[in-house]
Amino acid sequence: MRALGRHVLAEVYGCSFEILNDIKKVEEIMVKAALEAGAEIREVCFHKFSPQGVSGVVVISESHLAIHTWPELGYAAVDVFTCGERVNPWDACRYLTEKFKAADVHATEIERGVIEPPQAAAVNL
């Protein structure tokens, strides 16, 4: 059995209101997190909500990083999904939680695209 990708889902608490509510800072941190993990960036799209909050995605060759922030709660929901063996999603997750000044993080990893032996043989995995 082999997985096509690794998906880290992070619940990030106790973050700086100012950072989570600043679209430029959130985008910069997410882009740098992707680069810290060794990913190749393809597209970046972020949106600022009123009265507060930021959502965005960094599309990488290896998949994506996504975020939704609730600055008033000091909370961010973060996904880091990478395909292949070259990029470690935990490197990106560690970087961004540090930069958001998180007090607490609950993260889990799930395997995506688990390929069983019959499928693996069909596609030479």
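Cβ atoms are placed via backbone N, Cα and C, with glycine included.
Pulled from Swiss-Prot:
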type: ACT_SITE; residues: Ser63; note: active site, schiff-base intermediate with substrate
type: ACT_SITE; residues: His68; note: active site, proton acceptor
type: ACT_SITE; residues: Cys83; note: active site, proton donor
type: MOD_RES; residues: Ser63; note: pyruvic acid (Ser)
Cβ packing number for Ser63 (active site, schiff-base intermediate with substrate), 10 Å threshold: 22
Pairwise Cα distance for Ser63 (active site, schiff-base intermediate with substrate)/Cys83 (active site, proton donor) [Å, integer]: 6
Pairwise Cα distance for His68 (active site, proton acceptor)/Cys83 (active site, proton donor) [Å, integer]: 22
All-chain count of other Cβ atoms within 10 Å of Cys83 (active site, proton donor): 18
